[in-house]
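According to Swiss-Prot, the features are:
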ACT_SITE  E107  active site, proton acceptor
BINDING   T28, G29, S30, T31, D85, G86, A87, D88, K98, G99, L100, G101, K125  substrate binding site
Amino acid sequence: MDDHLYRRRAAERALDYVESGMAIGLGTGSTASFMLRGLAARLADGRLQRVVGVPTSEQTAVLARELGIPLTTLDRHPSLDLALDGADEIDPHLRLIKGLGGAMLREKIVAASAARFVVMASVSKRVERLGERSPLPVEVVTFGMPLCIRRLAALGGEPVLRCDHSGAPFVTDEGNLILDCHFGVIADPEALAAAICAIPGVVAHGLFLGMASLAVIAGPDGIVELECPDASRR
């Protein structure tokens, strides 16, 4: 079966955790797009009512408006009931690599603002150890780029400036740049996260550690739901 189908199935199952009256975080990326379309359908047919969403990117905001999903802000809803988003890699402890969609800063803020963070993914995103397949995105301010490149390389990464389809540097919604860092398998994600955060000029990184409450993963054998007993929020 098609990987797109698995992502759509995971998104549909994750929507079962949304209840009427909730304020929720709306993720960014292909799986999140399936979730947005499913959410719009449930709002349109009355299965859900009075749901408002905080988008994690301008891209998500545009699609949500097109679909008629009511939007809000963290100023109005600083505490969210739920956040739904995809992931680029998921390990057995529900530690994640995110950010290939370029929205990891807002995604992390929204996930941290939610009582529960539910990750939706196809089985292709499951790994034994983070870094097996994906680079680690690191968002940096333009002024700090040279320093960040040196420091990230010293940590064992191979930083590559992300560019858009035209070949120009990719610019995030916050006006920053992204270095896709190829570390290979990450032996100690917590230590690496701390080291990256200590680099002046780094705004955010794509390691989401201890944040996911539940992962909804779809594959050829159906859907599995993995809970993380040591997540910071249940």
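Any Cβ shown, glycine's included, is placed from N, Cα and C.
Model, not experiment: these values are computed from the prediction.
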Taking the Cβ of L100 (substrate binding site) as centre, how many other Cβ atoms lie within 10 Å? 21
Among the binding-site residues K98, K125, the one whose Cβ has the most other Cβ atoms within 10 Å is K98
Row T28 (substrate binding site), column other C-beta within 10 angstroms, all chains, value 29
Of the residues named as substrate binders, T28, G29, S30, T31, D85, G86, A87, D88, K98, G99, L100, G101, K125, how far apart in Å are the Cα atoms of the most distant pair? 16
What are the non-local neighbours of D85 (substrate binding site), defined as same-chain residues 6+ apart in sequence with CB under 8 A from its CB? G25, G27, T28, G29, T31, A32, T56, K98, E107, V110, A111, F117, V118, V119, M120
Binding-site residues: S30, A87 - member with fewest neighbouring CB atoms within 10 Å: S30
Identify all same-chain residues not among T28, G29, S30, T31, D85, G86, A87, D88, K98, G99, L100, G101, K125 whose C-beta atom falls within 8 angstroms of the centroid of the substrate site's C-beta atoms; report them in sequence order. G27, A32, E107
The residue listed as 'active site, proton acceptor': secondary structure state under DSSP, collapsed to three categories: helix
Can you tell me whether DSSP puts A87 (substrate binding site) in helix, strand or coil? coil
If you count the other CB atoms within 10 A of the CB of E107 (active site, proton acceptor), including all protein chains displayed, you should get 32
